[in-house]
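Trainee: Encoded as structure tokens, here's the structure I'll be asking about.
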Amino acid sequence: MTARLECSGPCVAGRSMRLCVLILCLLPRFGWAVGYKQGDPVILYVNKVGPYHNPQETYHYYTLPVCRPKEVRHKALSLGEVLDGDRMAESLYNIRFKENTERQMLCKLTLSEKEVDQLREAIEELYYFEFVLDDIPIWGFVGYMEESGFLPHSHKVGLWTHLDFNIEYNGDSVIFANVSVKDVKPEPLEEGGGGHGVGSGGLTVTHTYSVRWFESTLPHSRRAERLRDYSFFPKTLEIHWLSIINSLVLVVLLLGFVIIILMRVLKNDFARYNVEEDGGCDDLDQGDNGWKIIHTDVFRFPPYKSLLCAVLGVGAQFLTLVTGIIVMALLGMFNVHRHGAINSAAIVLYALTSCVSGYCSCSFYTQIQGQRWVWNIILTSALFSAPLFFTWSVVNSVHWWSGSTQALPATTVLLLLGAWVLVGFPLTVIGGIVGKNRAGNFQAPCRTRNIPRQIPQQPWYKHTAVHMAIGGFLPFSAISVELYYIFATAWGREHYTLYGILLCVFAILLSVGACISVALTYFLLSGEDYRWWWRSVLSTGSTGIFIFVYSLFYYHNRSNMSGLVQSVEFFGYSLLTAFVFSLMLGTVSFWASLAFIRYIYRSLKMD
């Protein structure tokens, strides 16, 4: 049978073992093919229902007045499946391997008027259901709705009371399954319509099903291809090669333009500044202007050191996490049949990469002469986890109020909290301590004077807002095409498979951010403004603002999402996504600017 990673067992002994078991609980479940014999039962799990256009608004299937067993038994789920809103439970369907069934009665229900209204409302909102058979999702609509005519207007609502299950097999394994209602008439639910009325507005319905088995030549190892070819949901992730190539060409031209122009300007600056230099940095001609004259201030440490270092640390953590997720996807570790595998992997990697944020933050904080390193570690740990917890609290409360399966149960909340308390936070502290002890001195080519130099008034095009607009728009334009695919995957039901292209786009995004940051930093220093520390972070970190604005556009113009539940989740997590992009690009931007500044001031002639 399928492999299972259990969260408890007799081997749990000692603190280290508890940590190992906690990590195993977070990992996605991987398994092998389940072998069946002729006549073996194949369990069909009912999972969830919800509006077709609101992917994150889902409810348990048994919240509808449908056939259910006397005792509902739920399937043990992985963390990723729970986070994905799955709540699988055993059904009354009796399916046996390679045995066809025709018109088998499932149950007979007498629906009250309230239950009929509940079904009618669900059908009018285009509710679909999801079943799971041998880890294969099966989708179908709860009912049928038809609108026709204007005068007179016709509004018909019907319930599908018969389902045809079509299952493909190869040898002793299940390859694919779907459900159809072809040649089936729906049970009318409109008021005063057909059906066997029971009382005022009541209805007696008989649910039946058929099972048909078909032999397939596709091996079990390739059954994911069969699921990708099936299209219950609309397929929108077609590869638009022309748009992608166009973006790549524009990005290459942009990077080439910035690099060539900047290098020519720097070459002229070096030639002019080094003509009559005979001493060190501190003896440079005070009559010059431009970036050379602020050499005694350019390495003056910025305000809010701890916050700056926390941003750099968490940004480095997410750069590591995103790279790890993409590499794991390229290695084929995320099977489309494994519900929530990416969610589980992201949580595990976030906990394990906490040491990266602690190390990077505390190491640089020590280099720039920060004294409150304990506070720096706490700030680093809370910089993302605090907004995440607040956003999740609001979203989860709305889901809990609406009865959605997206509301996390208490056990899952405790497991996630335990992962942060027992793994994430301790690793942040350990990384911070190691970074503090291994931090050297800050490498500055020139000494900094005690009295800061007065900064001349800057023209409008060198203000922070203008730099943020330029530095945010250009990286955003580099990923605008791929961003639609990402949103369609995150907020839809698509399976993302273009991981190679995603890795290229991610590399291009970081490259554009670094080059734009270097160019904007040079323009800033040329105006004798040495406040580049925070400006470099904000310049391309503002890409997150453009991404959030795009999310607004996507919600209103590229999707059919609506309602309080879906809207709160969409905008809440879109804000977090924009924040993550700001942290990552701000980190890359800062380190690129720092390397550039060290390079140009080291290149000044010094005898």
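In case you wondered, yes, glycine gets a Cβ from its N, Cα and C as well.
Annotations for this protein, taken from TrEMBL, read as follows:
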SIGNAL    1-33  signal peptide
TRANSMEM  241-263  transmembrane segment
TRANSMEM  307-334  transmembrane segment
TRANSMEM  340-361  transmembrane segment
TRANSMEM  373-395  transmembrane segment
TRANSMEM  407-434  transmembrane segment
TRANSMEM  465-487  transmembrane segment
TRANSMEM  499-525  transmembrane segment
TRANSMEM  532-555  transmembrane segment
TRANSMEM  575-601  transmembrane segment
Trainee: Flag the pair the transmembrane segment (575-601) / the transmembrane segment (499-525) as in contact if three or more Cβ pairs fall under 8 Å (sequence separation 6 or more).
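Mentor: They do touch: at least three Cβ pairs between the two stretches lie under 8 Å.
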Trainee: In terms of Cβ proximity under 8 Å, which residues at least six beyond the ends of the transmembrane segment (340-361) contact it?
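Mentor: Residues 23, 26-28, 78-84, 86, 309-310, 312-314, 316-317, 320-321, 324-325, 328-329, 333-334, 376-377, 380-381, 416, 419-420, 423-425, 427-435.
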Trainee: Where else in the chain does the transmembrane segment (532-555) make close Cβ contacts, counting only residues six or more beyond its ends and a cut-off under 8 Å?
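Mentor: Same-chain residues near the transmembrane segment (532-555) but 6 or more away: 298, 301-302, 304, 308, 311, 464, 467-473, 475-476, 480, 483-484, 487, 491, 513, 516-517, 520-521, 524-525, 561, 567, 570-571, 574-575, 577-583, 585-590, 592-594, 597.
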